[in-house]
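Here is what Swiss-Prot records for this protein:
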- 1-23: signal peptide (SIGNAL)
- GLN24: pyrrolidone carboxylic acid (MOD_RES)
- 24-80: domain 'Kazal-like' (DOMAIN)
- CYS30-CYS62: disulfide bond (DISULFID)
- CYS40-CYS59: disulfide bond (DISULFID)
- CYS48-CYS80: disulfide bond (DISULFID)
Amino acid sequence: MKLSGMFLLLSLALFCFLTGVFSQGGQVDCGEFQDPKVYCTRESNPHCGSDGQTYGNKCAFCKAIVKSGGKISLKHPGKC
């Protein structure tokens with residue numbers, strides 16, 4: 001019984017880890033950057049877009065999404 005419980009616990013931990021790893025791409029909450037009056041800072045926090053472009057930070061990435069009409073998504077955090 002202890003062995004099956006340990007196996008179940010390890011399986012659950014592995015599932016949670018892999019779910020986090022594979023869900024990195026895709027969605028970013030850009031709500032705070034929808035206003036065209038909001039200007040982006042020069043803070044460096046790269047985002048790799050599905051278009052192969054590296055954006056300097058979340059704000060620049062979100063502005064590109066708006067400009068593209070939602071055609072760009074997050075490929076992964078960091079440089080492309």
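Glycine is treated like the rest: Cβ placed from N, Cα and C.
Here the features listed in Swiss-Prot are painted onto the structure.
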residue: CYS30; record: disulfide bond; contacts (Cβ under 8 Å, 6+ apart): LYS58, PHE61, CYS62, ILE65, VAL66
residue: CYS40; record: disulfide bond; contacts (Cβ under 8 Å, 6+ apart): PHE33, GLY56, ASN57, CYS59, ALA60, LYS63
residue: CYS48; record: disulfide bond; contacts (Cβ under 8 Å, 6+ apart): THR54, TYR55, LEU74, LYS75, HIS76, PRO77, GLY78, LYS79, CYS80
Sort the residues of the domain 'Kazal-like' (24-80) into helix, strand and coil with DSSP and give the three counts.
13 helix, 10 strand, 34 coil
Entry from the disulfide-bonded residues list CYS59, CYS62, CYS80 having the most other CB atoms no farther than 10 A:
CYS62
